[in-house]
Amino acid sequence: LANLGAKPSRYSTVEEPNTLEHITTYNNFYEFGTGKDDPAQNAHRLTTDGWEVEVGGLVDKPGTWTMDDILKGTTLEERIYRLRCVEGWSMIIPWVGFELSDLLNRVGVQSGAKYVAFETALRPDEMTGVSSRVLDWPYVEGLRLDEAMNPLTILATGLYDEPIPNQNGAPIRLVVPWKYGFKSIKSIVRITLTDDEPPTSWNKTQPREYGFYSNVNPSVDHPRWSQATERRIGGGLRARRIPTLMFNGYGAEVAELYDGMDLAKHF
Amino acid sequence: MDLAAPINSALKRVPAWPLYPLGAVPVVWILWQGLEGKLGVDPTKAIEHQLGLWGLWLLIAGLAITPLQRFAGIRLLKFRRAIGLLAFFYILAHLLVWLVLDVQIPSLIWADIVKRPYITIGMAAFLLMVPLALTSNNWSLRKLGAARWRRLHKLTYVLAPLAAIHFVMVVKGWQLEPIYYLACVVGLLALRLVPKRLRIFAAPPVRS
């Protein structure tokens, strides 16, 4: 199976990963439908050949990158991360990728840049879900620059040491393990460095429910459900709820990013 | 009316009681699939969702019976009690799965009921069903008298929209499927507001 040859990482959890079946058949990727099994059914229509990512904004070397350009000179690592969905379930996922800071350093972030904005491909012919107005397409997300530069933040191109399946965000997606899953934007076509906080899709749709930061936080409930506990996918009908950890258990690496911030206000 | 006549005469020979054992088939099927791991990787949510959906379908079916009779002449009234009771049992099962398999923790259950509007609304809809389920028998009908019984069972007009609103609020974003069901419920209730033209034409004004 060892296909991508990703190197192990000290940031990986030792918890047992979910199976490939769990990870590839239970997805939120609304461009392919709102059901959990819709992406597995519909995402095969997405063509990832010739994929390009436009990197621009406040950078020294703006331009369009092919996947080969992006991967050239990076070392792929396996990052086994917890993923906590805002809906109250979680998985353990062995991503393969590289730190976002690698790419940002290569393009040269200008001193005025404070945020990184991301955009997902919008292809109505291939994405059956975008005919529905459930979100304002294309899907957009954003991070503060220091969050983007944190070593935990990766761009993933693989899963279980194989190229990442379409339903998981092929060919390249963000993974920010201390934030709710929807922050980890899939199938990225644009990365823009900005000086203003960029709009984010779920926040635009329901600002009261989804904040810009969306850090995993058991003490700040979603207005419609508790975030204190989660159900780990894969346990079947007898699975017990487990307590949700602050920053999804990544506090040692990221808590200082938010020193002095009221996280109930900046949720 | 031409279409309705053969349907009605065929239905005359169909008893209502088989609906009860037939109605148990989906719930057994859903639970069996869940236990066998055939409901995907999150069987708890799948079972909870499917039982709730069946409950809503049955509520909509129950609400469709009067308009079907009035506007299409199809008489299904004798099946309504079974449909209503089945709706109650599906929603009871939906609630139990939520309590036992999903939320699990008693303190969280109460917190959810009082703090989360969609659960408050869902619980209200369920509680309103209880007196209706308890009085869905001939003895209660006799005891209450037809007029009072009918007035009590008008609670359906409140609880069915609540159940549909519960579904709209459960999902992330404004999704179409639950909105269609809500539209369906509202439409079936609105049909009851259509003035009874037949009576206007057939009978002279009450006051002379």
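Heads up, the Cβ atoms here are built off N, Cα and C, so glycines get one too.
If you look up TrEMBL, you'll see B:51-163 marked as domain 'Ferric oxidoreductase'. Annotation comment: TrEMBL describes B:14-32, B:52-71, B:83-101, B:113-134, B:155-172, B:178-194 as transmembrane segment.
Counting residues 6+ beyond its ends, the transmembrane segment (B:113-134) has Cβ neighbours under 8 Å at 84-85, 87-88, 91-92, 95, 140, 152-153, 155-156, 158-160, 162-163, 165-166, 169-170 in the same chain.
Ranked by Cβ pairs under 8 Å to the transmembrane segment (B:155-172), the stretches B:14-32, B:83-101, B:178-194 are led by B:178-194. Outside the transmembrane segment (B:178-194) by six or more residues, the chain places 56, 59-60, 63-64, 66-67, 70-71, 157, 160-161, 163-165, 167-168, 170-171 with a CB less than 8 A from a CB of the stretch.
Mean pLDDT, taken over the domain 'Ferric oxidoreductase' (B:51-163), works out to 94 on the 0 to 100 scale.
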